[in-house]
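Taken verbatim from Swiss-Prot:
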- 1-392: topological domain 'Cytoplasmic' (TOPO_DOM)
- 1-48: region 'Disordered' (REGION)
- 393-416: transmembrane segment (TRANSMEM)
- 417-424: topological domain 'Extracellular' (TOPO_DOM)
- 425-445: transmembrane segment (TRANSMEM)
- 449-465: transmembrane segment (TRANSMEM)
- 466-474: topological domain 'Extracellular' (TOPO_DOM)
- 475-495: transmembrane segment (TRANSMEM)
- 496-507: topological domain 'Cytoplasmic' (TOPO_DOM)
- 508-530: transmembrane segment (TRANSMEM)
- 531-583: topological domain 'Extracellular' (TOPO_DOM)
- ASN546: N-linked glycosylation site (CARBOHYD)
- ASN568: N-linked glycosylation site (CARBOHYD)
- 584-604: transmembrane segment (TRANSMEM)
- 605-615: topological domain 'Cytoplasmic' (TOPO_DOM)
- 616-636: transmembrane segment (TRANSMEM)
- 637-676: topological domain 'Extracellular' (TOPO_DOM)
- 677-697: transmembrane segment (TRANSMEM)
- 698-713: topological domain 'Cytoplasmic' (TOPO_DOM)
- 714-732: transmembrane segment (TRANSMEM)
- 733-750: transmembrane segment (TRANSMEM)
- 751-769: topological domain 'Cytoplasmic' (TOPO_DOM)
- 770-790: transmembrane segment (TRANSMEM)
- 791-809: transmembrane segment (TRANSMEM)
- 810-847: topological domain 'Cytoplasmic' (TOPO_DOM)
- 848-878: intramembrane segment (INTRAMEM)
- CYS852: S-palmitoyl cysteine (LIPID)
- 879-918: topological domain 'Cytoplasmic' (TOPO_DOM)
Amino acid sequence: MENDLSFGEDVMSYEEESDSAFPSPIRPTPPGHSGNYDLEQSRQEEDSNQAIQSIVVHTDPEAYLNLNTNANTRGDAQAYVELNELMGNSWQETGRWVGYEENFNPGTGKWGPSHVSYLTFKSLIQLRKIMSTGAIILDLQASSLSAVAEKVVDELRTKGEIRAADRDGLLRALLQRRSQSEGAVAQPLGGDIEMQTFSVTKQRDTTDSVEASIVLSGVMDSLEKPAVAFVRLGDSVVIEGALEAPVPVRFVFVLVGPSQGGVDYHESGRAMAALMADWVFSLEAYLAPTNKELTNAIADFMDCGIVIPPTEIQDEGMLQPIIDFQKKMLKDRLRPSDTRIIFGGGAKADEADEEPREDPLARTGIPFGGMIKDMKRRYRHYISDFTDALDPQVLAAVIFIYFAALSPAITFGGLLADKTEHMMGVSELMISTCVQGIIFAFIAAQPTLVIGFSGPLLVFEEAFFAFCKSQEIEYIVGRIWVGLWLVIIVVVIVAVEGSFLVKFISRFTQEIFSILISLIFIYETFSKLGKIFKAHPLVLNYEHLNDSLDNPFHPVVKEHIEYHEDGNKTVHEVIHERAYPNTALLSMCLMFGCFFIAYFLRQFKNGHFLPGPIRRMIGDFGVPIAIFFMIAVDITIEDAYTQKLVVPKGLMVSNPNARGWFINPLGEKKPFPAWMMGACCVPALLVFILIFLESQITTLIVSKPERKMVKGSGFHLDLLILVTMGGIASLFGVPWLSAATVRSVTHANALTVMSKGPKPEIEKVLEQRISGMLVAAMVGVSILLEPILKMIPMTALFGIFLYMGITSLSGIQMWDRMLLLIVPRKYYPADAYAQRVTTMKMHLFTLIQMVCLGALWMVKMSAFSLALPFVLILTIPLRMAITGTLFTDKEMKCLDASDGKVKFEEEPGEDMYESPLP
């Protein structure tokens, strides 16, 4: 398909033809066209044309938003464009482009900030008009600007665009000296928004392969009419003195003419420069075999342009529909019809024949087939897993992830000790994290995962401890038999390749569980604070209590007598903890203070104060900073008592009077019931469900194709390693671990290498094992910080739990839809679940999830809390049941579709402690 555009004096006529000798490689599908292209015809046409190198085109639907695709991509090349305008006796550089535009301000002598090019419709019409009559020279063999200039003036003279007497004057003008504008780039107000601090020159100089376009535009009153020439060099060459940097030149565009010619030379020059900076137009210009295809490329560019009527824009928010409309137009623009274009999403041309990406969850039909595939896929890269760690970015990731892993270890350790009466605590959790983390990083198929303790496991430990206590069974011994059954279950699941079941866990189930854990965190925080107020009550006047016999500030000993059948009796003495004045108020201040500091630093991270790297660093370490401040406050207030984190000295267990480092499977203080050894398979199945959910979903998130990891994942092998280590860990009385979603995603993000630009694109991930090993080892060594850890107030950790519970709600679609229940329809977001589904259906879906959430909460608060994972699994068949009955497939795709886009750059209100599964 070709576009034949002819221009009269004041009107543009647009006419499409269907006899194209060279189909545009990227062209919008015309109305009524089915989109079926004759690939065989394209191959025949390709054979008849001159050989053209293979082209690589990004096919990511969001690629047009990124710099690397906004700029020209030919293999590894990017397009760099300079606009030079004739001013007196020299050419002055006034603009430059690498996808985005920078303009030189002669008044200040500085370059302005980068911005999206904006063009007048008149300049495009003028450009199209003069291009239809100008000189177009394709595949010129020249290595100097003088050779190009001579060819241009001769071609213009031959076509009658200039008079013979004008030839020498035009040649002298084209060869005038060039004045490069070397002023500093001006920083815009609010200066560290990524779009504004993007630098064209930095992007140009840091890119390995660049090709340049020179645009020369200016007024020459000696000419009779405007003259235009477009030159495509056969080979890109460095032309000395032509550009401000030694970049190979591929295209040269010349536009000169009289001031009375009816052409705005500045705007027309900017329009041509913007065209050359557009990767689709530049690609078509590179492939065009004749003049007509080049003019058609301009028509294609205009087809995708948007004209804003000359009305006042009172609010920037009014431009949002334009942005959404432009995204749709740009997606429609990517219509490949030329087999010379190799679609690889940024891959090299020689990678076009690579095998399609293997599905790691595909079943082989043989026992342990999935695990064997995981091992073959990953272990062939084992040596590179260590050599790839020789990168400074890995060291930076280790330091960052260490604090990201240490804070939850301390927080969960303190809460675990409180829930289990110190049968397990900080020391056990830190040692477990250290040993299991090192082993996992050393042999796992996906060492990018960070393993650790999590909220769901804490809920299970609390429920299992309460069950054992009610049955007068030794909790720490029962965990051994649960661990043994865990190993048996995981071997069976891995043997039958059961990891494929993760495909059935949709957003419907994930978000219900996510909000449940968040609510548990919030509830437990205020529950603990309430217990402190009860143990240390507030009294209006303390003085009269000094002489009272019922002084609440002294320990109270109460006796409980138990009579036996043989006539003997046992006297139990219960010592109630002494109540302290001001403890409750100080505890509340420490809890909310820790929460608000962490929350403020989270907001500060996405604010405008301080340079971006410093601000983000402070925000990333917000939780440790908040804990440190609360320690300082607690130390300065000496007269008030607060409960501190209990940490044993050295490698001692948390409760040395009740247990040691090795647990006797047959019982520590009394024989373990034989029936319970077999019955432990039930809690083992439940805790396996939790580990399976967290680990497999985390692996699914980290291993998404959009992250461009190349060494494979380990759904089967990693699950076997995790659960087997947990089973062995039970013998030593240390916690089970699972893949921690937040820490794993943060680890992957820290190891990700991004392209430069206002909307960076993932280039690769430094997949290696060293960072995971070092982080785990450093967490283990941190147990030596016992003197410092003992200074942490427990209520400060409650504040962190409140922080984790509240921030984890951010970004959960179910929570957003719950808020929409009280939001007017006109304020609904532009997301598919709110715009493509009726309001009643959307609210019905939300209410179903809320009913499931309520049922799970009732189970959690009842004596059957151990059954929580089983009840959670029941939401999977429920989701299948409502599909096709209450909701159509299209509605479910909008309401329950998984988000395939990787969120690397954190949005406002989002940080490393947020997670779908806290």
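Cβ coordinates are placed from backbone N, Cα and C, and glycine is handled just like the others.
Since the structure is predicted, the reported quantities are computational estimates derived from the model, not experimental observations.
Counted over residue pairs separated by six or more positions, the transmembrane segment (616-636) shares fewer than 3 Cβ pairs under 8 angstroms with the transmembrane segment (733-750), which leaves the two as not touching. Here the topological domain 'Extracellular' (417-424) is broken down by DSSP into helix, strand and coil counts: 3 helix, 0 strand, 5 coil. When Cβ distances are compared across the two stretches, the transmembrane segment (584-604) makes contact with the transmembrane segment (791-809), since 3 or more pairs at least 6 residues apart fall below 8 angstroms. Most Cβ pairs under 8 Å to the transmembrane segment (677-697), among the stretches 425-445, 475-495, 770-790, belong to 475-495.
The stretch in closest packing with the transmembrane segment (508-530), judged by the count of Cβ pairs under 8 Å and taken from 393-416, 449-465, 475-495, 733-750, 791-809, is 791-809. Across the topological domain 'Cytoplasmic' (605-615), DSSP assigns 5 helix, 0 strand, 6 coil. Under 8 Å from some Cβ of the topological domain 'Extracellular' (466-474) lie the Cβ atoms of residues 667-670, 672-673, 676, 683, 863, 865-866, all in the same chain and six or more residues away from its ends. Regional average pLDDT for the topological domain 'Extracellular' (637-676) in the model is 81.
Take the transmembrane segment (393-416) and the stretches 449-465, 475-495, 714-732, 733-750, 791-809: counting Cβ pairs under 8 Å, 733-750 has the most. Secondary structure of the topological domain 'Cytoplasmic' (698-713) per DSSP, as helix, strand and coil residue counts: 8 helix, 0 strand, 8 coil. Only sequence-distant pairs (6 or more apart) were considered; of these, at least three Cβ pairs between the transmembrane segment (714-732) and the transmembrane segment (475-495) are under 8 A, so the stretches are in contact.
Cβ environment of CYS852 (S-palmitoyl cysteine): ILE512, THR875, LEU878 lie under 8 Å away, each six or more residues apart in the same chain. With a threshold of 8 Å between CB atoms, the same-chain residues lying at least 6 positions outside the transmembrane segment (449-465) that come near it are 401, 405, 408-409, 412-413, 415-416, 419-421, 423-424, 429, 432-433, 436-437, 440, 475, 478-479, 482, 513, 517, 520-521, 683, 686-687, 690-691, 693-695, 698-699, 702, 718, 722, 735-741, 743-744, 746-747, 772, 775, 804, 860, 865-866, 868-869, 917-918. As a summary of secondary structure, the topological domain 'Extracellular' (466-474) carries 5 helix, 0 strand, 4 coil according to DSSP.
Shown for the topological domain 'Cytoplasmic' (810-847): DSSP residue counts in helix, strand and coil, namely 24 helix, 0 strand, 14 coil. Residues 393, 396-397, 400-401, 404-405, 408, 416, 423-424, 428-429, 431-433, 436-437, 448-454, 456-457, 461, 476, 479, 483, 486, 653, 659-663, 687, 690-691, 694-695, 697-699, 701-702, 707, 718, 722, 725-726, 765, 771-772, 775, 904, 912-918 of the same chain lie 6 or more positions beyond the ends of the transmembrane segment (733-750) yet place their CB under 8 Å from a CB of it. Each residue of the topological domain 'Extracellular' (637-676) gets a DSSP state, and the totals for helix, strand and coil are 3 helix, 1 strand, 36 coil.
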